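Among the features that Swiss-Prot reports, S-adenosyl-L-methionine binding site is placed at Gly83, Met88, Val134, Glu135, Arg149.
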Amino acid sequence: MSSLVTPQHAEELSTGARQLGVELSAQQHELLLGYLALLIKWNKAYNLTAVRDPDEMVSRHLLDSLSVMPFIHNDTQRWLDVGSGGGMPGIPLAILHPHKQVTVLDSNGKKTRFLTQVKMELKLDNLTVIHSRVEEVQPEQPFCGIISRAFSSMENFTNWTRHLGDSRTQWLAMKGLHPADELVALPADFTVESEQALTVPGCQGQRHLLILRRKA
């Protein structure tokens, strides 16, 4: 274990994952802590996250990302994390689902350099890092799932990514407060499939997950 990661961090991750109903193997637990160590190390120079205190990163980043894992369907193979920033939730998604192909996308070169370093150091062969604006990405085939965490408004999230999915794609928007005002401006060809209020161990404030579909 890296000197940047404490036994308390390890225990908080184990306990929190159990409370979320997410089963972690020993290898997944180790990889998540390895990711945390890299996040702590690189954040000092690269400003990857506004969370400066490493003791807050387990709950506000790792567990917050794990909270949506029960809603990731097993039969969805290709996922895109839009505006991934420091890698949430894309890196935890790739760690927990090694047989899924996960792409993390960000327009900030410092952040994609960090994500590339995480891919190399943790040997995440199922992870692809793209440095680009989302509007300029042209995938060979539609993604099965497109997810964002505090990326933009619901209107922008759906409009900017509509070309990356189809009627079979799930769009997952991770939000704090319920975005009722944003849903009013949702494009007409998108519908809300479900809304989930999430409780993240160690996190104050509201958390919501909205799952969307696009009409054919």
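Quick reminder: no glycine exception, Cβ is built from N, Cα and C everywhere.
Where Swiss-Prot records a feature, it is marked here on the structure.
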residue: Gly83; record: S-adenosyl-L-methionine binding site; Cβ within 10 Å: 21
residue: Met88; record: S-adenosyl-L-methionine binding site; Cβ within 10 Å: 25
residue: Val134; record: S-adenosyl-L-methionine binding site; Cβ within 10 Å: 22
residue: Glu135; record: S-adenosyl-L-methionine binding site; Cβ within 10 Å: 12
residue: Arg149; record: S-adenosyl-L-methionine binding site; Cβ within 10 Å: 22
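Secondary structure from DSSP puts Arg149 (S-adenosyl-L-methionine binding site) in a beta strand. DSSP assigns Gly83 (S-adenosyl-L-methionine binding site) to coil, not to a helix or a strand.
DSSP assigns Met88 (S-adenosyl-L-methionine binding site) to coil in the three-state reduction, placing it in neither a helix nor a strand.
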